[in-house]
Amino acid sequence: MSEIVAVIGKIFLIVGLAFDLLGCIGLVRLPDVYNRLQASTKCVTLGTCFILFGTFLLSGFLWKSILAIVFIVMSSPTGAHAIAHAAHRSGIKLWEKSVVDKLKEDKK
Amino acid sequence: MKKLVLGIISFLCWMVLTWTLYLPSLLVGLVVSMFIALWFGDVFVERARNFFQIKRLAYLLYYIPLFTYYCLLANFDVAYRVLHPALPIEPGIVKVKTTLTNTTAKVALANSITLTPGTLSVEMTDDGYLYVHWIKVRTRDVEEATEMIIRKFEKVLKEIFE
Amino acid sequence: MMTDIPLIFSLPLIISCFLCLYRVFRGPTPADRIVAVDILGILVVGFCALFTIYTPRKFFMDIGIAWAVLGFIGALALAKYLEGKGFDE
């Protein structure tokens, strides 16, 4: 039984690490702040949650990691929203191939 | 009532963090969470009676797998867009309208938007409009965008928080 | 107990951290740098989780939770700074 749990935990760990890496590749490859924020926030949040869930399974049901998952899922999108809001307020342009910017149109 | 809810939540957090039944530790946690509840109970909790309604908790239990499913979908979407050599993106900021009025519900909706496929909440106005950065703009109309982005969460969140 | 998790598992996280650092150095606008620092903070929580597994010291999880809290507050403060309003609002 514990071996099955260990294998599942390792699978979660590997998938989480892969998502983290993908999120950071997105951080490097995508063209402007908002796209980078999207890719990195989504992938790194879920990847770290998977790593923490793998920790929960591999280290003998450590409930602290579930608390950490809840906290990260609640706090990380809020931080991303704050950064996106502040970037748009401070006048950082969208990528030049962007198709529409309703917020800028409405502010005028 | 409000203070009782916050006290229970913070004491549960303390129990999970320490993970022991050693009596002095429990007493310290009880005193600390009591002080927190007395000071911040009125700020943190809006409507305390909602915490004890079974229907809301059941909808919350239904919301968690729904949210996890869309979260996974979002990750595969990002993986596809990032690893594709031509970067198939077409970004833009669109406007959606929500009918939620409660502050907690709006925050939950904005967080859900940020973690689901291709969208990121940028700004929220007081009269219920949300500006959403979309990585692949499929429509510019407010109604259609509302239908595509937030309808699936709004129904459940309305049952939970309002 | 689970000492058979090899150190190689932390390699993707190290590469991710270097990609974030590249964005911190190269970022054309301040917002890019702030995003990269925020993401770096969440990656450190992942490191703490890995340390919890492959060392016998369980307290790394506590460090991870505290790091998540501090990183969140730091991101909010940096966003306020970017908005140009000062810290007193």
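Each position is counted from 1, following the chain as shown.
Note that Cβ sites are derived from N, Cα and C of the backbone, with glycine treated the same way.
Whatever TrEMBL says is automated annotation, not expert-curated.
If you look up TrEMBL, you'll see C:6-25 (among others) marked as transmembrane segment.
Per TrEMBL, the feature transmembrane segment maps to C:34-53 (among others).
If one looks beyond the transmembrane segment (C:59-79) by at least 6 residues along the same chain, the residues whose Cβ comes under 8 Å of a Cβ in the stretch are 34, 37-38, 41-42, 44-45, 48-49, 51-52, 87. Positions annotated as transmembrane segment by TrEMBL: C:59-79 (among others).
Within the chain, the transmembrane segment (C:34-53) has long-range Cβ neighbours (under 8 A, six or more residues past its boundaries) at 2, 5, 9-10, 13, 16-17, 20-21, 23-24, 27, 60-61, 63-65, 67-68, 70-72, 74-75, 78-79, 82.
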